[in-house]
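Below is one structure, written out as structure tokens; the observations come after it.
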Amino acid sequence: MRFSELAEYYEKLEATSKRLELVDILSKLFKEAKAEEIGKICYLIQGRVAPFFEPVEIGMAESMVAQSIGRAFNKSKDEVIKLYRHKGNMGIAAAQLSTNAKRLTTKALSVTEVFEELAKIAKFSGKGTVEQKVSTLAQVLKSLDSTSVKHVVNIPLGTLRLGIGDPTVLDALSIAKTGDKKLRPMLEGAYNKTSDLGYVAENFFRKGEAGIRSVKLIIGKPIRPALAERLPNAEEAVKRLGGEFAAEPKFDGFRVAVHKNGNKIELFSRNLEDMTHAFPDLVEGAVKEVKAKTAILEGEAIAYNPVTEEFLPFQETTKRRRKYKIEEMAKQLPLVLFAFDLLYLNGKDITEKPYWQRRKLLESIIHSDNKVVRLAQERTLHTAQEITKFFNEEISEGLEGLMLKKLNSPYVAGGRGFHWIKFKRSQAGELTDSVDCVLLGVYSGRGKRTEFGVGGLLVGIYDAKRDEFVTISRVGTGLTDEEFRKVKVISDKLQVAKKPARVNSKIEPSFWVEPKVVLEIYADEITRSPIHTAGWDSSTGSGFALRFPRLVKFREADKRPEDATTVSEIMKMYKDQFKKKH
Ligand code: ATP
């Protein structure tokens, strides 16, 4: 496929404000793609040249890109920047310069050629990098038509905002080959194991359904995490879990998946970011202490004081997530990883094995005298009284609560299920859990808040069935001045001109933002509301809303927007709050 054809699709995708149209346009695009291109196209439509979890960044700031544009179309960098300021968008400025430049021909570069050049730019390092990047991009731009120029420019800048979610891509892949969505669940299963859309798409296009089925866990590709359900009380949990079940402390740190291949360790966060460089102490611990040639295990990392044997609160642990002074922080606040599951061992995907067998295997590779990678403590329980007792013990130790696990359940990647049930400490009268919302829009400030530029937020949750973000609340109180300022910084970066295609709303904030940042919000109650679209029920003309919402914390570091609370979770929490009160 020529890149100019892909660029025409970019135009169409950019113009739509409806999710179903995105699926339709994408499926047409995919239909035209060859097997050897489909993976690359999946990355390119998300503005990348690698799956999102690979830290491959093209790494060109505005001024470098402007230099390339100038070089391609015989203008100075300043002239490019001036036009960019006037147009408000670098792609549009570049396209105009490209049209004006008198070129005899443009080479019809293919998608693969453009992809490879961009990937090459990402790999330059060391001396002379800037010049190499600038000249390679200039060469690409010179060889493209102006529509292609408009979109390519946004890729190194990270400003290609087509708003296409992974589930939308999965739907479109199925439709492209079968005419409907029937292969979506199977494609999703393969995606949950590897998190790599391009890889799944290529297997599918090369070998059909057998290609999807052949996708297995791969060391180095993060697995979409299994997540827990909530229940209103211990009695209900016993009913769900059967006569015997496992219980573990719920550590309040952050989830880390450890991929071990001999002495090579890779670490991934809950939102599947590569964190290997951030936690040298965990890397060293995993090399020394995990007794397996190859393994993928999961655990919760928590800052821990080995002398007093105290767990440190989340606010301390989270200091380890910064990107600078890594070694120094590793000494000051060493992490312990409490391993709680094993998914892959010595060359075999063991996710299908029941939990109790995986736990036995985990125990066989993690010794009780380990210092860094330790086993999460586990008890086998039978009754609601035992749950309550264990829960109170853990809370008094400063932990977050309990995780209950079904003994005979496989590891279910990429979703919530009753194989894991979480019980968190919460105050009487409040919901059993906080709600993870996505920032969708901002209301400009009035009165005192004009100073911050932000007066309130419009937040939503994720409708996983529709791959859409739906509104659930306006949040105006409970933010400190500093938090208002932080929202301002975030929204300046993410502001978009019109409502993004995957946002479904009945109300208009002062301006929309790209759905990207997750905020953890506490509320007193979930109520029915005619103005919000979360869980919209047309028979009653109402959705769900949060009563007295207040911000707990920003979760931009460990949750992607699609990891926000979903509509089906809110429906359950809505029902559970009645059970709790009566
Ligand atoms: P939360 O906001 O409660 O952290 P979450 O959406 O990240 O929730 P949940 O499914 O609600 O995920 O809870 C599972 C999380 O709890 C895991 O992602 C993990 O980080 C953490 N956790 C702590 N201790 C355990 C444990 N023993 N077993 C499994 N997960 C644990």
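Using the three backbone atoms N, Cα and C, a Cβ is placed for every residue, glycine included.
As annotated by TrEMBL, active site, N6-AMP-lysine intermediate applies to Lys250. The 10 Å shell around the Cβ of Lys250 (active site, N6-AMP-lysine intermediate) contains 22 further Cβ atoms across the protein chains shown.
As annotated by TrEMBL, ATP binding site applies to Glu248, Arg255, Arg270, Glu300, Phe340, Arg416, Lys422. Counted within 10 Å of its Cβ, the other Cβ atoms near Arg416 (ATP binding site) come to 19, all protein chains included.
Feature annotation from TrEMBL assigns domain 'ATP-dependent DNA ligase family profile' to 328-449.
Cβ neighbours of Glu300 (ATP binding site) (same chain, under 8 Å, six or more residues apart in sequence): Phe251, Gly253, Phe254, Arg255, Val256, Leu337, Phe338, Phe340, Ala376. Taken over all pairs of the listed ATP-binding residues (Glu248, Arg255, Arg270, Glu300, Phe340, Arg416, Lys422), the Cα spread reaches a maximum of 19 Å, rounded to the nearest whole number. Note on the binding-site residues Arg255, Arg270: the fewest other CB atoms within 10 A surround the CB of Arg255. Neighbours of Phe340 (ATP binding site), defined as other CB atoms within 10 A of its CB across all chains, total 25.
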